[in-house]
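*Asks:* Just dropping this structure here.
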Amino acid sequence: MSTPAQESAVTRRLQSVKHIILVLSGKGGVGKSSVTAQLALSLYASSPTARVGVLDVDLTGPSIPRMFGVDDQGVHQSTSGWVPVYADGAGARLACMSVGFLLKKKGDSVVWRGPKKNGMIRQFLSDVRWGDLDYLVIDTPPGTSDEHLSLMEHLAGMHERLSAVIVTTPQAVALMDVMKCLSFTRAVNLPVLGLVENMSGYACPCCGVVHNVFSTGGGEEMAKKEEIGFLGSLPVDTELVSLLDGGPTSQTEFALLEAYKKTPSAKLFENIVTGVVEKLT
Ligand SMILES: Nc1ncnc2c1ncn2[C@@H]1O[C@H](COP(=O)(O)OP(=O)(O)OP(=O)(O)O)[C@@H](O)[C@H]1O
Ligand code: SF4
């Protein structure tokens with residue numbers, strides 16, 4: 001449980017954040033972190049003044065620093081709190097925070113019990129100098145765990161600014177897991193902006209045409225049945241994976257964003273972001 005002073009520290013710190021979007025998935029490995037990264041990049045690119053924060057709450061498997069090509073960097077403490085790592089360098093419009101920045105060595109693992117995780121999440125929300133943000137996108141662990149409950153507890157007073165995006169793959173097992181995610185959002189009264197079906201088909205590396213290898217469309221059907229929005233499908237995209245799993249690290253010209261814009265996924269993600277922004281306004 002947090003004390004009233006701790007809660008008001010979170011409220012003060014996040015008072016100039018317009019929208020807080022939790023990225024959820026019922027199952028691991030469906031591409032939740034890559035959707036988080038793409039959502040942040042696409043929101044950033046949606047306007048020359050958009051300010052975006054990315055908070056990696058996947059404490060035991062942080063992948064945001066690697067995906068943004070900033071895993072060699074660390075956050076530093078200032079008198080007014082932790083200074084996040086800016087993925088766009090001097091642009092300072094894309095702020096990232098992850099436990100990955102605090103580990104001594106890359107690949108070190110975090111083995112913490114619930115209360116310690118809860119304390120870390122509270123610190124991420126209250127101690128990071130997020131500044132004015134249009135969007136704070138939060139990458140959560142798979143399933144519904146201590147981390148999700150901590151987030152909902154600390155963000156309880158900000159309900160009108162909170163929403164979620166759910167990521168799934170077309171396979172039935174993952175879709176069954178979406179139901180667990182949905183029942184969590186309903187139990188905690190968290191509005192769902194919509195569902196993204198990831199790894200839906202395969203984008204040809206030569207021409208970008210998407211081929212359906214396995215069944216697709218299950219996500220859209222489920223979204224309709226559960227009366228939540230369907231934001232779109234993303235194919236297996238080899239260009240995306242080589243970019244996010246070890247792409248450009250130069251931040252001066254934000255090389256990652258420029259390289260991302262050339263992937264088949266970027267074009268498809270534009271529609272997803274349009275859907276997200278429409279629902280938020
Ligand atoms: N559309 C895609 N095309 C190709 N590769 C993808 C796609 N989406 C995700 N991947 C790759 O699949 C792997 C798992 O993705 P990611 O880490 O985003 O999943 P996750 O759901 O966040 O996993 P975790 O359970 O670890 O939190 C990564 O190597 C990522 O680059
Ligand atoms: S989609 Fe076109 S470019 Fe790609 S493998 Fe098929 S024929 Fe070749």
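Each position is counted from 1, following the chain as shown.
Every residue, even glycine, has its Cβ placed from backbone N, Cα and C.
According to TrEMBL:
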- GLY26, LYS27, GLY28, GLY29, VAL30, GLY31, LYS32, SER33: ATP binding site (BINDING)
- CYS204, CYS207: [4Fe-4S] cluster binding site (BINDING)
*Asks:* Measuring Cα to Cα, how far is LYS27 (ATP binding site) from CYS204 ([4Fe-4S] cluster binding site) in Å?
*Replies:* 26
*Asks:* Could you tally the C-beta atoms, other than its own, that fall within 10 angstroms of the C-beta of LYS32 (ATP binding site)?
*Replies:* 26
*Asks:* Compute the C-alpha separation of SER33 (ATP binding site) from CYS204 ([4Fe-4S] cluster binding site), stating it in Å without decimals.
*Replies:* 22
*Asks:* Report the binding-site residues (GLY28, GLY31, LYS32, SER33, CYS204, CYS207) that meet this criterion: Cβ distance to the nearest atom of ligand 2 under 6 Å. Use sequence order and write none if nothing qualifies.
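*Replies:* Going through GLY28, GLY31, LYS32, SER33, CYS204, CYS207 in sequence order, those close to ligand 2 turn out to be CYS204, CYS207.
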*Asks:* GLY29 (ATP binding site) to CYS207 ([4Fe-4S] cluster binding site): how many Å between their Cα atoms?
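*Replies:* Roughly 26 Å, rounded to the nearest whole number.
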*Asks:* Which binding-site residues out of GLY26, GLY29, LYS32 lie by ligand 1, going by a Cβ under 6 Å?
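*Replies:* Going through GLY26, GLY29, LYS32 in sequence order, those close to ligand 1 turn out to be GLY29, LYS32.
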*Asks:* Of all the binding-site residues given, GLY26, GLY29, GLY31, which has the fewest Cβ neighbours within 10 Å once its own Cβ is left out?
*Replies:* GLY29
*Asks:* Mind giving me a neighbour count for GLY28 (ATP binding site)? Other Cβ atoms within 10 Å of its Cβ, every protein chain shown.
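*Replies:* So the number of other Cβ atoms within 10 Å of GLY28 (ATP binding site) is 13.
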*Asks:* Determine, to the nearest whole angstrom, how far the Cα atom of CYS204 ([4Fe-4S] cluster binding site) is from the Cα atom of GLY26 (ATP binding site).
*Replies:* 28
*Asks:* So of VAL30, CYS204, which of the binding-site residues has the fewest other Cβ atoms within 10 Å around its own Cβ?
*Replies:* CYS204
